[in-house]
């Protein structure tokens, strides 16, 4: 047998081993109905394995144990092996979104099922298989290279699919307070589109939400001179707002966009001018525009139209995350090389999509990249992931560790 044949045989065997180990751990995690913010024991499974691999594991709890909703207690796991730099951290979440009516699922959402080449379960794509793949990759890397350079870390939360106020952001605050820095962060969100590794996210747009409240005076529709219609007062300003150009984007980001998601006004009666109007809108913004610039331009538009109006307006702002970008460099290159070596794919860099917990990590100075399985079924009924991708993803993650910690 030639050296080429030996290498191919070895690679095939390695992939099969990675796949079975990743599949087994994925199933163990997917069996837990960890609907946000409930971890339901997933992090205990990870902690036990990582401790055996030489990681120091620390559970971090934030929030109120007695509360529900956004103030509920959240369980987070910080695990680290090594004390030196660079620190490569895998960030992920064990919580999942609700299933909806389980009768609509082909297979029970918390009974992981292998069928037609897929692993079906809530959280299969978003993102328990990603957590499993990196865990297997870390275990195998540590076993093969116990004296590796730098450190490997895990930051796992159960508050990514919810309000995201007692999860990753609080862990990062704790790490920053004790001067514990992440050099490279690999977020295991499902980034791929058509094939494993075809897309990696090297940045995300910022998200700035707003609730506009316009207050007028209620009255009869037949006597408009005795009332002040907040809907009429806002129409011209909203028209200009939705047609405004905010920036032209850049090589990494599309132009900043605005979308109105909700408009509420009226009493339900057809003969009553309402007193108030509420409009909810959101900016997804690039690095070409700042939060303050968006606010200032928005207020300038409304000030222009409300200057002589009897109605008054107020805007409540909520920033969900600043835009971030990891330019092509060591982390991006390590990911590209790993994907190419395992799948043969030349990956594409992208900043599309919604927000992720990477928005809390990037401001610390860490290079952040998102790389995971295909995202075609995330948050949907019959969420699933290709079984063959599990072993390959674990291999990709292991190659990334080799690229960053062995040179």
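Glycine too: its Cβ is placed from the backbone N, Cα and C atoms.
Among 116, 126, 198, the residue that Swiss-Prot places alongside 161, 379 at the Zn(2+) 2 binding site is 126.
Of the residues 93, 148, 220, Swiss-Prot puts just one in the Zn(2+) 1 site with 126, 189: 93. Between the binding-site residues 93, 379, the minimum number of other C-beta atoms within 10 Å of a residue's C-beta occurs at 379.
Counting Cβ atoms from all protein chains shown, residue 161 (Zn(2+) 2 binding site) has 22 others lying within 10 Å of its own Cβ.
The recorded positions listed here (95, 126, 160) include 126 as those with a Cα within 10 A of the Cα of residue 379 (Zn(2+) 2 binding site). Residue 161 (Zn(2+) 2 binding site) sits 8 Å from residue 93 (Zn(2+) 1 binding site), taking the C-alpha atoms as the reference points. Ranking the binding-site residues 93, 126, 189 by the distance of their Cα atoms from the Cα of residue 160 (active site, proton acceptor) places 93 first.
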